[in-house]
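What follows is a single structure, written as structure tokens, with notes after it.
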């Protein structure tokens, strides 16, 4: 496989796929002058909106240009084009690119874009003269960058969020696989949003220009908040040409700009520029918010420093200059179509006062308009369906809200019942307190008597405990006396039997005497402990023992510290 274009040089025979589309046609017009020695083959299936009229006449009438109407999925056709025209460079623009349509027809988008890519790669791998295949991709393969901390670089992972972006990411993976497996020489670019002349009417900029010219409200999806970076088509084509001329094989380049606008901001800019260019008095723009796609990425943010560093490319046309040039082109196109003409002028055209050659153009325009009307009707039907779905969703929400209200009312009723029960309990407690107060006021309970009664109870309990202890001591003494009696009886029996000797009797008698003395001493101590000493006075009589003093007050015993 010839790799002559791996270094800086210019192509000789170029195949452009999708050369009748927006960027493809601008590329043909631009490259035709940039590479005066090169020949160009434009392969396009002519999908709705495509037109070879976008190619300048000097290109169309030149022997350096060849148009082939055909589908890229036709393998034999593609192989014949490569062979017969000795193609050394392929620039692959052809693809279905409308994100909203990709949601409506995801299968068609996957088949059209990925199958076309596969057929092209199969033909390329067997074509010995191919030096470089340039694949045109999109920044949408990176996914939503709203919360990204830094712009996406070429090595950042792909995270596509819509069917169109997924199909483009799949094409990139196919391309890389053929590079690794078959050494198909490729370079690739991922681009920001591109605007400029010759764009399809359903794209945002030409659609907004037409709405401004016709004084219709600007239709905004997603509240007009999604932001896009906008690059003029001539800057975009210059970047692609530099990649073809200078880029090393197997490389990827981001192509873009730092200029960023939300869709609503773009509408304001277009509104003011249209008014200025057609000399119309300034007025506030009107907006119509339409249903959004299932998911709308809010921002794409790419780092394009690599192409600036490697190839010296950067955007050179300021947005104000590029958008003014673009709007002027669409105003001229609108005027040719009869926009702004009086009824007399339109009647004259209908009566045959149209110049030769204009009829064909008008017929083509009518066909295009009819196709656009069909598309608009389809969009309207989809919008109606979306509105009906929204209504159903609103009704469901209302039902949920009603159920929630009923639940809240039930909770309130339960809370009110609980509050009433608590109030009743509080009232009962208050009544009990009032009854106690009334009883106290009536003298049923004298002030201070409660405390005295409680103290008396404590004293009585202590006295009962002391009596219990004394009873236990008496029982122990009785048991000791019984044991002594038992021993005395045993001694008597022994004496009677003569079993006790003379000296032993004397010892036993002495022991008895000692025990009797001890018993008498114990009795005296007990009597002293139990002895009460009578005392007089106003407070009553005090009774003393060894440990405590009890004062008799009004006939009751009260404990007093010793």
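Note: Cβ is positioned from N, Cα and C throughout, glycine not excepted.
According to TrEMBL:
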COMPBIAS  338-358  compositional bias 'Basic and acidic residues'
COMPBIAS  359-438  compositional bias 'Acidic residues'
COMPBIAS  439-449  compositional bias 'Basic and acidic residues'
COMPBIAS  450-493  compositional bias 'Acidic residues'
COMPBIAS  494-505  compositional bias 'Basic and acidic residues'
COMPBIAS  506-530  compositional bias 'Acidic residues'
DOMAIN    15-326  domain 'NAD(P)-binding'
REGION    338-562  region 'Disordered'
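Across the compositional bias 'Acidic residues' (450-493), DSSP assigns 44 helix, 0 strand, 0 coil. Each residue of the compositional bias 'Acidic residues' (506-530) gets a DSSP state, and the totals for helix, strand and coil are 25 helix, 0 strand, 0 coil. Confidence over the domain 'NAD(P)-binding' (15-326), given as mean pLDDT on the 0 to 100 scale, stands at 93.
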